[in-house]
Amino acid sequence: MLFVIFLAIYILTVLGNLLILMVIRVDSHLHTPMYYFLTNLSFIDMWFSTVTVPKMLMTLVSPEGGAISFYSCVAQFYSFHFLGSTECFLYTVMSYDRYLAISYPLRYSSVMSGRVCVLLAAGTWLTGSLHSAVQTTLIFHLPYCGPNQIQHYFCDGPPILKLACADTAAIEMVIFVNIGVVASGCFMLIVLSYVSIVCSILRINTSEGRHRAFQTCASHCIVVLCFFVPCVFIYLRPGSRDAVDGVVTVFYTVLTPLLNPVVYTLRNKEVKKALLKLKDKITFSQRYQGDSIGIPHAPALDTMLFVIFLAIYILTVLGNFLILMVI
């Protein structure tokens, strides 16, 4: 049952983020700094979920599938922290982008040029890579001679350190400070940006203008809270053995990447308009080009349709197989 649930969540996460990438690429009205950073976020979320969930699904299907080699564990740990810290930095850059757009609208287009956007995005990826490399080097240079099993569904720092046969107090403190400085630093910069944004919004004369400005930032605020609150709960309590930690870990590794596309599509009028325009283009293509495949589609969407119908087919087979098995 858990396998079917998490497989469905994973498929929806990948498809949802792919949909955002496709819509932003197709609609020229979304070729702005805000949506450029959103494409980076969707790409990260797609792979962030892929680092842990498929391995968890293998474990649910077969206990033997949960085994992972030392070097695979290193790769998983590095990828998880690389993508997670990059997302943390990206949220900070996105809040800075919103700050400039609302507080300095006349200077926004000149300050956030295409070159600046690329440099900011590249900086988040590079900084995330360095942050993860420090973590990985510190943890996997320790000697491991004890048990080789962790009470966790993926390779993460606190459970791995418990397997080391050396004093890990100093390394735990360094990692704690490292994660704490990065997470708290990014969060404080985001809070500072939004304090300035709120002050700027309150100076807007019309209620409609204030409403539009608040609506622009609402989606970003929701995903920031969904990302930072679970991370703070887990990583600032490294010695905790509370059972709720497992639930929180599943939330931010499995559900948070799914929430981002949902929030940015259901709450964002521009993305919803782009989706409707894409639907109209597909219908127009079918009506006037006379495709012979039998379903409304544009040739450029063949890959996307393949993934969607493959996902539906897999869920159909698994769902009916689950009914047969339970009965």
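Think of each number as a place in line: the chain as shown, counted from 1.
The backbone N, Cα and C atoms fix where each Cβ goes, glycine too.
As recorded in TrEMBL, the features of this protein are as follows:
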- 6-24: transmembrane segment (TRANSMEM)
- 16-264: domain 'G-protein coupled receptors family 1 profile' (DOMAIN)
- 36-57: transmembrane segment (TRANSMEM)
- 116-134: transmembrane segment (TRANSMEM)
- 175-202: transmembrane segment (TRANSMEM)
- 214-236: transmembrane segment (TRANSMEM)
- 248-266: transmembrane segment (TRANSMEM)
- 305-326: transmembrane segment (TRANSMEM)
Positions on the same chain near the transmembrane segment (248-266), where near means CB under 8 A and six or more residues out: 6, 9-10, 12-13, 16-17, 19-20, 38, 41-42, 45-46, 48-49, 52-53, 152, 154, 219, 222-223, 226-227, 230-231, 233-234, 272, 275
Remote residues contacting the transmembrane segment (214-236) - C-beta distance under 8 A, at least 6 residues beyond either end: 41, 84, 87-88, 91, 94-95, 98, 101-102, 176, 179-180, 183, 186-187, 190, 194, 197, 201, 245, 248-249, 251-252, 256, 259-260, 263-264, 267-269
